[in-house]
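**Q** Just passing along the structure, written as structure tokens.
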Amino acid sequence: MIKEFLKKHWYKYVLGITCLVVVDLLQLYVPRYVSKVVDHLRYEKPDLNYVSIIIWSVIGIAFGMAIVRFFWRYFIIGASRKFEYLARNILFDKLLSLSMSYFDVNRSGDLMAKFTNDLQAVRMALAQGVVLSVDATFMAIMTVIFMGSFVNWRLTWIAIAPMPGVALVALLFGRLIHKKFMKAQQEYSALSEITEETVSGVRIIKSFAANDLMHRLFNERSMRNYKTNMSLAKVSSLFFPLMTFFASLSYVLALRFGGAMVIREQVSLGEFVAFNSYLGMLTWPMMAFGFVLNVIQRGRASYKRIMEIMKEKPHVVEPDNPIKIESIEKVEFRNLTYRYPGSTRDVLKNVSFSFTKGNMVGIVGTVGSGKSTIVKLLAKLYPVERGKIFINDVDINDISSQNIRNLIAFVPSEAFLFSDEIQKNIAFAQDTIDFEKVVNYAKLAAVHEDIEKFPQGYKTIVGERGVTLSGGQKQRVTIARALYREKDVLIFDDCLSAVDPETEERIISTLREKYRDKTMIIITHRLKVLKDADLIIVLDDGKIVEMGNHEKLMQQEGLYYKMFKKQLIEGELRK
């Protein structure tokens, strides 16, 4: 990612570094002017005009440095901000391209940390890391040259003798900082995860009076984050004082031997003042090496975490030459077996059935029997590896995911709404909002009257995850959202569990009557709504144990018959 960025934006760094070098060169000449002023003022009758010229020269240099410094900051820091912007977009696109299985095993808090803290650390490495490494290297070399050439080479070698200690400290601490920063980022990710879960599930936490429990869990995670960062801080706290110690030794040596040279008139007072100014300039690069190392090690650790996402390959592989289909006329599952990544159990076992356009297909069965997996595989949310799914007699693996999903309207079991207006949630992913269509489909989903009761109607903001709506209202809004897409296939994955049975039956009956030409796949625990289904698939432990319409299955008196009778009895008892 960084290599590709530098190939396109290398000129910004070249311009920025050039400006940085100019600033450093201008800065190196200031002590020479100070030296001349100090030596000139020792005369019995110093020329004030000469002093004024030098002062104005220094002011001119300072002004020039300010202008050029603006440009190096503009080019280099601007380039790093550009990288952050591009990298965040690339990461976002990469996440959207990954299969559902990736999100099943990766925590959202960790992903959020990579989008924020880690990207910021990489940006710092590309800005301060580049600037300080160039600045420190150039200034260190040029300062030594200026000290030796314009003052005294012997004094220069004596004063910089402790400087190799700086390099030694940097070498010893570098890997340790990298390791501890990686650990700190992992703990931050875990803290972000529990924070996100607490905010999202605050109503559950309060309803279960679990405030103390969550506070304890958060405090434990926060303490681990604190201890990890304190461990990193201790290393950094020892790192910088050691760097400063070696730099201070240089001052001690300069005062001892430089002072003696001034007394013996081997070096003028002005040159000694200039030498100490140069030594101050040299101290900064030596200390900067430590800071640079810290920043670069943090950037390396964060870049490694970011590249974990970039190197991830989607489990659903797109075909090189996809076959485009315009509609879904026929679907066939043939000997399909599926196991989720990381699992040791097949959730579907040798499943085979088919249906055609206009059919109403019901999928029922015991808990964990693989009902939702069937429709997720049809939508290519997971890869079809063992067995086959054919759409219009074309292998689903030869059709692009985008093509299939553009022909399907999927209502998942978990009703998710965005923190936006109700009308925008219903018309989600559409360029424009057709309000007449929004209202029409809200009526079909039996949620129009509820929406009209809100003060802002369809412009009501539903809050994060639709928190201001009831469970049943959220589910019906998601159904309206699916209907708004007007696709060939409507998939309802147990998406009416929060509404009463009568409302669910009325909605399904209305949709069936309205959309005879569309295929409807309904996963439900309420079997009564499937009495008019053309095909009902009955699953148990991942296998199809029964298949047929309602009348046929009732005659067989198998699992479906038992489930249906049980629900009838429960319904009578509730009355």
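Using the three backbone atoms N, Cα and C, a Cβ is placed for every residue, glycine included.
Just so you know, TrEMBL annotations are computer predictions that nobody has curated.
Pulled from TrEMBL, these are the listed features:
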| type | residues | note |
| --- | --- | --- |
| DOMAIN | 14-298 | domain 'ABC transmembrane type-1' |
| DOMAIN | 331-566 | domain 'ABC transporter' |
| TRANSMEM | 12-30 | transmembrane segment |
| TRANSMEM | 50-72 | transmembrane segment |
| TRANSMEM | 130-151 | transmembrane segment |
| TRANSMEM | 157-177 | transmembrane segment |
| TRANSMEM | 231-253 | transmembrane segment |
| TRANSMEM | 273-296 | transmembrane segment |
**Q** With the transmembrane segment (130-151) as the reference, find which of 50-72, 157-177, 231-253, 273-296 contributes the most Cβ pairs under 8 Å.
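**A** Against the transmembrane segment (130-151), the leading stretch is 273-296.
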**Q** For the transmembrane segment (231-253), give me same-chain residues lying six or more residues beyond its boundaries with a C-beta closer than 8 angstroms to one of its C-beta atoms, as numbers and ranges.
**A** 158-163, 165-166, 169-170, 173, 176-177, 180-181, 183-184, 276, 279, 282-283, 286-287, 289-291, 294
**Q** Using a threshold of three or more Cβ pairs below 8 Å, and leaving out pairs closer than 6 in sequence, do the transmembrane segment (50-72) and the transmembrane segment (157-177) count as in contact?
**A** no
**Q** Six or more residues out from either end of the transmembrane segment (50-72), which same-chain residues have a Cβ under 8 Å from its Cβ atoms?
**A** 15-20, 22-23, 26-27, 29-30, 33-34, 36-37, 40-41, 131
**Q** Can you name the far-off residues of the same chain, 6+ from the ends of the transmembrane segment (273-296), with a Cβ under 8 Å from a Cβ of it?
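**A** Distal contacts: 27-28, 30-32, 34-35, 38, 124-125, 128-129, 132-133, 135-137, 139-140, 143-144, 146-147, 150-152, 155-156, 159-160, 163, 166-167, 169-170, 173-174, 177, 236, 239-240, 243-244, 246-247, 250-251, 254, 258, 267.
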**Q** Give, as a single whole number between 0 and 100, the mean pLDDT over the domain 'ABC transporter' (331-566).
**A** 89
